[in-house]
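*Asks:* One structure coming up, written as structure tokens, with questions to follow.
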Amino acid sequence: MTSSSSSSASSFFACFWSSALRSKPLSPAVETSVRTSSGDGLVRRLGLFDLILLGIGASIGAGIFVVTGTVARDAGPGVTISFIIAGASCVLNALCYAELASRFPAVVGGAYMYTYSAFNELTAFLVFAQLMLDYHIGAASIARSLASYVVTVLELIPFLKDNIPSWVGHGEEVLGALSINILAPILLVLLTVVLCWGVGESSILNSIMTVTKVLIVLFIIIVGAFEVDVSNWTPFAPHGLNSILTGATVVFFSYVGFDAVANSAEESKRPQRDLPFGIIGSLLVCVALYIGVCLVITGMVPYRYLGEDAPLAQAFTSRGLKYVSVLISFGAVAGLTTTLLVGLYVQSRLYLGLGRDGLLPAIFARVHPTRHTPVHSQVWVGLVASILAGLLNVRVLSHILSVGTLTGYSVVSACVVTLRWKDKTSSQASTRRISRRGEGIICLFTIACCGFAAGVLFRYGASFVFLILMAVIAISSAGALYLRQVYTDPPGFSCPGVPIIPSVSIFFNIFLFAQLHYEAWMRFIVLSIVTVGVYAFYGQYHVDPLGSNASIVYHRAPAEEAP
């Protein structure tokens, strides 16, 4: 009996590892078969301008009217440098996303599918789970914020002022644990209907709202520029470099969203050309807008007098420009609408990718035969967000967010490096104790560990000597990657400076990971354990490793002969 149990356990683990470590090699020339008769494929309707607006819509929400001022209270006018540093870091991530989006232009699934190709099935499933929890909680939180801003706008009408119950849009605590909000689920249902209706219709809505938002921000920058007193920019960094760096770790998340463009690969008209430009172009526009707002708000009011809740609106009010505060409310509604719309869109495409591969039930892989949208995935995403937004004050969970984003960014950067080796070294025979690929993965892991250690040391005010030590070890590992691996240039857009740029990106992403709350670290560990359990008892038995249930046919690249 014991021998039989031991044999069964051994067989289970052997099957588990065999499944977990398999990958899905993707050819650069992936063929997309849009089988409209069976409803398996999406339709290519998004041009370059649509993709840029998609990225801007996902990145700039109401935060541009709030975060810029709240961080300026600590960093002073130097908050501009904080946004530049954070923007530069995001550009590194964007370059990595751009290469993979160009290399695999017909792949729906973004970071999940890149990880599946570069590493293995289990790692890809873990990346999906971490990203998806961020998206679910984030969508619910944004929906509640949007509902609150909509009520604020409605209360500009005299007979509605102070007559709208709190449970309608601002939320009302019930029984301590619940917070009822009626408007947030209604808004989610409306946006879900738009997304199910068609990508063309949702793109039009996103374009209108994004253009409105950008025009409002530009108007605010132009009007504010005439109210700037340059003496308010002195001292530029009142609390030193440390406050600017701390500010950079906070405002980094203001740029998050450009990666949404990568998930629209199967709906882009010219993905290999447009996706890289869409990713990088949308991010650069966001950087410019954030810098403009920072310079205006710190020039209008001395940084120490900036408010906490609505610093930008208060700055204009103090200058007698109260009408701009009203405009900011409309800008916030437009900003949150696009952020929520794109967030729901991205979630459905990730579910679509996993449904096609079999890691999730096949219902998530179904596409409407005439609308060409993943209706089942979209409805599921909207339902989850509506329940969370309608019943829970999910804003209190905001401190466990960003784990999935930073994890996804780091793994995508690592994918760029490993996929550059794969064509040359993955099939070569070797008598070495550790293969060159194994050496490379150890180096990448070392860089990530150094980033986390440096982040923890920085967080607790350790001596810069230890920070420099971690940086030296990371630089040495990046040097080993550069000197001991053979790299090829991929077709299409190529990230410059591989492996150095991806290594810097990984280091800084994990450095930021260390700045998150302890609860975020625990969330990462617990969710990872749960995800492994789901994969062990469901995913590994249902997956189709060659993706035969998908409308995308993946062809294995021919293996090179060992010398």
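Backbone N, Cα and C atoms are what each Cβ position is placed from, and that goes for glycine too.
Automatic, uncurated: that is what TrEMBL annotation is.
Residues annotated as transmembrane segment in TrEMBL: 79-100, 106-129, 141-160, 180-199, 211-228, 279-303, 323-346, 400-419, 440-458, 464-483, 495-514, 520-538 (among others). Summarising the annotation, TrEMBL assigns domain 'Cationic amino acid transporter C-terminal' to 493-542.
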*Asks:* Count, for each of 79-100, 279-303, 400-419, 440-458, 495-514, the Cβ pairs lying under 8 Å from the transmembrane segment (106-129), and report the range with the highest count.
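*Replies:* Answer is 400-419, with the largest number of Cβ pairs below 8 Å.
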*Asks:* Are the transmembrane segment (323-346) and the transmembrane segment (400-419) close enough that 3 or more Cβ pairs fall under 8 Å, when only pairs 6 or more apart in sequence count?
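*Replies:* No, these stretches are not in contact.
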*Asks:* So, do the transmembrane segment (323-346) and the transmembrane segment (180-199) meet, by the test of 3 or more Cβ pairs under 8 Å (sequence gap 6 or more)?
*Replies:* yes
*Asks:* Looking only at the recorded stretches 141-160, 180-199, 279-303, 440-458, 464-483, which one has the largest tally of CB-CB distances under 8 Å to the transmembrane segment (79-100)?
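*Replies:* Most Cβ pairs under 8 Å with the transmembrane segment (79-100) come from 279-303.
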*Asks:* Can the transmembrane segment (211-228) be said to touch the transmembrane segment (279-303) if we require at least 3 CB pairs below 8 Å and skip pairs under 6 apart in sequence?
*Replies:* yes
*Asks:* Using a Cβ-Cβ cut-off of under 8 Å, list the residues of the same chain that are 6+ residues beyond the ends of the transmembrane segment (464-483) and lie near it.
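*Replies:* The answer is 417, 439-440, 443-444, 446-447, 450-451, 453-454, 457-458, 499-500, 503-504, 507.
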*Asks:* Counting only residues 6+ away from its ends, which parts of the chain sit with a Cβ under 8 Å from the transmembrane segment (440-458)?
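*Replies:* For the transmembrane segment (440-458), the far contacts come to 245, 410, 414, 417-418, 421, 434, 466-467, 470-471, 473-474, 477-478, 480-481, 484-485, 503, 506-515.
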